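J.: Questions regarding the structure given below will be posed in turn.
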Amino acid sequence: RYMWVTKKGAFCVGPLCLYCIYIYGVAVPSEVPHVLTDLLSTLCHLQVLNPFYIFQVFSIILWMSDRYYYYAACILFISLISISISLYEIRKQSTTLRNMARLVVTVTVQRDTGEEENVSSEELVPGDCLLIPPEGLMLPCDAALLVGECMVNESMLTGESIPVMKTPLPVGEDTYSPDFHRRHTLFCGTQVIQAKGRRQGSRGGLAVVTRTGFFTAKGSLINSILYPQPISFRFYQDALKFLLILGILALAGTIYSIVVLSMSKTTWVELLVRALDIVTIVVPPALPAAMTTGTIYAQSRLKKSGVFCISPPRINVCGKVSVFCFDKVIGCGEATDFGNVRVLAVMRPPASELHEPVAIVQRFPFSSSLQRMSVVTVGLGGSNALVFLKGAPEMVASLCVKDSVPAQFSDTLRHFASEGFRVLALAYKPLNESCVKTIERGTVESSLRFLGLLVMKNQVKPESAGVIGTLKQAHLRTVMVTGDNILTAVNVARTCGMMQSEERVIYVHATPPGNHSQPTLRFHLGESSRAAEQDGLTQVSTCYRYFSGFLGSSDFSVLAALLWLQVLMRGTVYARMAPEQKTQLVKELQKLNYRVGMCGDGANDCGALRAADVGVSLSEAEASVASPFTSKTNNISCVPLLIREGRCALVTSFSLFKYMALYSLIQFCSVLILYTVSTNLSDLQFLFFDLVLVTSLAIVMGRGGPSSELHPQRPPASLLSLQVFASLLLHCLLLVLIQVFALLITRTQNWYIPLNTTVSGAGNLPNLEDTSIFAVSGFQYIIMAVVVTKGYPYRKPLYTNVLFVVVLLALFGVMSWLVLYPGLIMKQLLQLHDIEDMDYKLLLVALAALNFFICYLLEVEYHEHCSTLGCTIQYEECNLQISMYSSIAAITEPLWVQSRLYSLSHPMLPG
């Protein structure tokens with residue numbers, strides 16, 4: 001039995017349909033669609049076709065032909081180890097994913113004849129009737145619950161550790177939808193803890209299989225892990241473009257080397273080898289691996305802090321987050337006769353009270369779109385049937401008989417909500433006992449009698465205010481997205497510091513279009529009832545920093561059509577938001593070029609967490625597929641840590657990229673200079689530079705941790721900016737000048753011995769030109785590692801990276817020894833010329849010290865100048881955008897000085 005997966009363009013064998021395409025590999029010839037290829041050969045095939053390893057093979061062949069045997073053998077050995085480690089890791093990850101994806105259990109299905117049969121879950125198909133045992137089971141498919149109730153743990157999918165009650169699918173003509181009927185759907189991969197009420201006199205539940213394999217909720221998540229959504233991040237895009245620029249530079253160097261070598265009457269074979277060798281020097285094959293070093297260290301530090309990441313590339317994205325959205329931070333019955341009805345639960349009063357127990361016989365679960373839930377109860381003997389309903393006060397009041405709602409309802413609700421209390425309304429009505437089995441939800445939740453308000457205190461977590469304050473000081477915009485009442489949300493926002501007590505609030509109310517009316521927006525101040533029609537929005541937005549949207553299901557769609565941009569630019573609190581509206585809000589903010597972070601508990605926020613650039617799920621689970629990041633601490637204190645680590649990783653990747661580029665340019669210049677004088681570096685000299693110096697420095701350079709504070713300015717993410725190009729160009733010019741100057745100094749010495757012009761390349765070693773270039777360029781590799789490793793304000797100072805400092809000092813000592821007092825063995829191995837003039841050797845060291853001093857000052861001064869210039873440009877752009885969206889004067893009196901408005905508004909704009 002095979003299944004055609006359109007998205008994959010391949011057939012899957014039924015039992016393997018969750019993972020076989022990626023993990024095992026599926027060959028799909030037209031005549032044999034089910035041939036499975038061997039896992040190891042598939043992985044080897046993928047690794048060999050990796051452009052990185054293809055380039056490595058080309059380089060090794062080239063070096064072998066040029067008699068660089070030691071270097072080629074060493075690189076081949078390292079490449080084989082790298083491939084082996086990659087295969088092992090992929091194999092390990094594939095096995096882990098396979099164990100997680102493949103769930104094979106024995107289940108009981110009910111056939112059309114009524115017979116029950118035990119089958120393997122691999123044989124389930126949509127339409128099978130699945131029996132849910134009372135003790136529960138791990139669901140191997142998606143199923144719609146038809147009979148009974150199930151308590152389900154969905155933490156694997158949502159990150160929410162609180163079990164969810166699932167109720168039977170209501171009878172009606174509506175088309176079944178897993179999203180709309182989520183409260184009646186059992187999802188694959190979730191654990192049914194308990195099931196009951198399958199039929200009178202028995203226990204368990206009955207569900208119909210709706211989806212299997214990749215098409216289940218778990219299957220789609222596994223699919224998202226196998227084929228993650230591409231990260232549109234400028235840093236990664238620019239890195240590929242920068243490699244293309246290096247390739248163009250390599251072409252120019254190749255042309256130059258061909259011209260120079262042809263003048264020295266080099267054979268065409270050697271000329272071709274020398275020209276192609278330039279390409280392997282300019283385009284560093286280790287660049288992709290080096291750029292991930294900072295991310296790997298950051299991921300390790302995050303794991304130690306209780307933050308788990310399933311998408312490491314998003315750590316760098318954390319460094320560019322400009323707005324962070326937060327969700328509001330802040331038993332079995334006994335055998336008693338209740339008549340001829342199915343009992344779901346029995347509620348017994350305390351022993352001190354003389355009331356009879358009540359049985360719940362119908363339950364209509366809470367729905368975000370309906371903002372309410374209700375139950376139908378009966379007393380002993382099936383008498384005294386009642387409906388009880390709880391939900392959002394405004395919604396409950398609209399379902400009640402008007403004369404039962406107190407006149408002071410609105411004022412009382414506003415009072416409690418504005419004080420930060422969470423308010424629910426309660427209502428009831430009597431029912432005819434004869435219809436409790438078949439009554440529908442629409443009938444139950446109508447013509448109710450208002451009972452009162454249930455008031456609960458919202459305790460803001462003590463860490464919240466400090467975290468919000470830290471983010472605001474760093475000029476990161478904070479937004480609250482919640483399903484609660486707007487007044488409650490605003491109070492929480494004030495308590496945690498999202499809004500200051502002296503700052504006024506504008507409430508946005510939307511009216512959906514009617515049969516004969518257009519959608520409208522109305523605005524009023526939080527402390528007054530004055531309202532302004534749509535035309536007043538631009539005036540209000542000039543005066544007040546914040547909008548607080550009273551956004552229900554209808555309001556949100558209206559805002560999407562009316563002045564949506566202005567509200568997005570100013571909105572701080574979005575209340576009465578359904579889960580899909582949270583997702584829409586995140587996507588709309590991203591359209592404004594924001595890098596959006598989202599922090600939630602994972603239950604109603606899954607869509608928004610996945611849509612955000614940085615999604616953080618607060619869950620006790622070690623890792624949740626609901627979001628790229630999962631924090632085991634049940635508060636938002638992980639957010640500043642995540643941003644600091646993201647900035648540190650981004651800056652580290654930036655530094656490593658610049659270092660690897662400068663390393664290539666240093667060696668590129670050295671080789672071209674030596675080509676010009678008919679010589680080259682020796683085999684072991686290349687090996688010493690690439691492995692001993694550069695590789696060891698690149699590995700330990702990224703170990704520096706993040707700064708303890710969040711700086712107001714975000715780090716750059718563009719490698720193709722004028723600042724980066726100018727910095728690299730200036731450094732490169734200085735490095736070339738130092739190397740040329742060293743060569744000229746060597747040739748002016750009275751003991752200088754000219755080269756043998758009849759020999760070229762490494763065959764002309766040892767010689768004075770090569771030895772001088774070796775000495776100076778060796779120091780340059782160490783110098784640039786220090787110059788490009790920035791600390792403040794995104795990383796800890798360089799001296800805190802103890803291992804890096806130790807390696808630096810050790811390599812500096814080795815390099816100084818090779819220049820000043822090289823032993824006979826090292827001279828022979830590295831093919832260095834014997835120079836006895838100590839003054840000359842000290843001059844080379846002094847030249848390297850001068851190189852370091854100038855490069856360091858150049859980098860520091862240029863960096864500070866670019867930072868100041870960047871801030872100036874950013875403020876000017878912000879002011880321009882503000883003037884575009886809020887150009888009209890205040891309504892009555894200016895509540896904010898314009899200069900303060902500009903200074904506080906820029907973090908609200910994309911950056």
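Cβ atoms here come from the backbone N, Cα and C positions, even for glycine.
Grabbed the feature section from TrEMBL, which reads as follows:
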- 9-27: transmembrane segment (TRANSMEM)
- 68-90: transmembrane segment (TRANSMEM)
- 106-224: domain 'P-type ATPase A' (DOMAIN)
- 242-263: transmembrane segment (TRANSMEM)
- 275-298: transmembrane segment (TRANSMEM)
- 660-678: transmembrane segment (TRANSMEM)
- 684-701: transmembrane segment (TRANSMEM)
- 722-745: transmembrane segment (TRANSMEM)
- 771-789: transmembrane segment (TRANSMEM)
- 801-820: transmembrane segment (TRANSMEM)
- 840-858: transmembrane segment (TRANSMEM)
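Mind mapping these onto the model and telling me what they sit next to?
T.: For the domain 'P-type ATPase A' (106-224), the mean pLDDT of the prediction comes to 82.
Within the chain, the transmembrane segment (660-678) has long-range Cβ neighbours (under 8 A, six or more residues past its boundaries) at 242, 246, 249-250, 253, 256-257, 260-261, 264, 274, 277-278, 281-284, 286-287, 290-291, 689, 694, 698, 728, 731-732, 735-736, 739-740, 743, 755, 757, 759-761, 764, 769-770, 773, 777, 780-781, 784, 788.
Residues 658, 661-662, 665-666, 669-670, 673, 677, 716, 769, 772-773, 775-777, 780, 784, 787, 840, 843-844, 847-848, 850-851, 854-855, 858-859, 862-863, 866, 870 of the same chain lie 6 or more positions beyond the ends of the transmembrane segment (722-745) yet place their CB under 8 Å from a CB of it.
Long-range neighbours of the transmembrane segment (771-789) within the same chain, counting only residues 6 or more positions beyond its ends whose Cβ lies under 8 Å from a Cβ of the stretch, are 655, 658-659, 662-663, 666-667, 670, 673-674, 681, 685, 688-689, 693-694, 697, 701, 704, 731, 735, 738-739, 742-743, 745-746, 798, 804, 808, 811-812, 815, 818-819, 830, 832-833, 835, 841, 844-845, 847-848, 851-852, 855-856, 859.
Under 8 Å from some Cβ of the transmembrane segment (801-820) lie the Cβ atoms of residues 692-693, 696-697, 700-701, 703-705, 775, 778-779, 782, 785-786, 789, 826, 830, 832, 838, 841-842, 844-845, all in the same chain and six or more residues away from its ends.
Taking Cβ pairs closer than 8 Å, the transmembrane segment (840-858) reaches residues 727, 730-731, 734-735, 738, 741-742, 745-746, 749, 772, 775-776, 779-780, 783-784, 786-787, 816, 819-820 in its own chain, all 6 or more past its ends.
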J.: Taking residues 6+ outside the transmembrane segment (684-701), which of them lie with a CB under 8 Å of any CB in it?
T.: 68, 70-71, 74, 286, 290, 293, 652, 655-656, 659-660, 663, 667, 770, 774, 777-778, 781-782, 785, 789, 801, 803-804, 807-808, 811, 814-815, 829-831
J.: When secondary structure is assigned with DSSP, how many helix, strand and coil residues does the domain 'P-type ATPase A' (106-224) contain?
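T.: For the domain 'P-type ATPase A' (106-224), the helix, strand and coil counts are 21 helix, 44 strand, 54 coil.
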J.: Who are the chain neighbours of the transmembrane segment (275-298) in space, where the CB to CB distance is under 8 Å and they lie at least 6 residues beyond its ends?
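T.: Sequence-remote neighbours of the transmembrane segment (275-298) are 52, 55-56, 58-59, 62-63, 66, 82, 239, 243, 246-247, 249-250, 253-254, 257-258, 261, 312-313, 315-316, 645-646, 648-653, 655-657, 659-661, 663-665, 667-668, 671-672, 695, 698-699, 701-703, 706.
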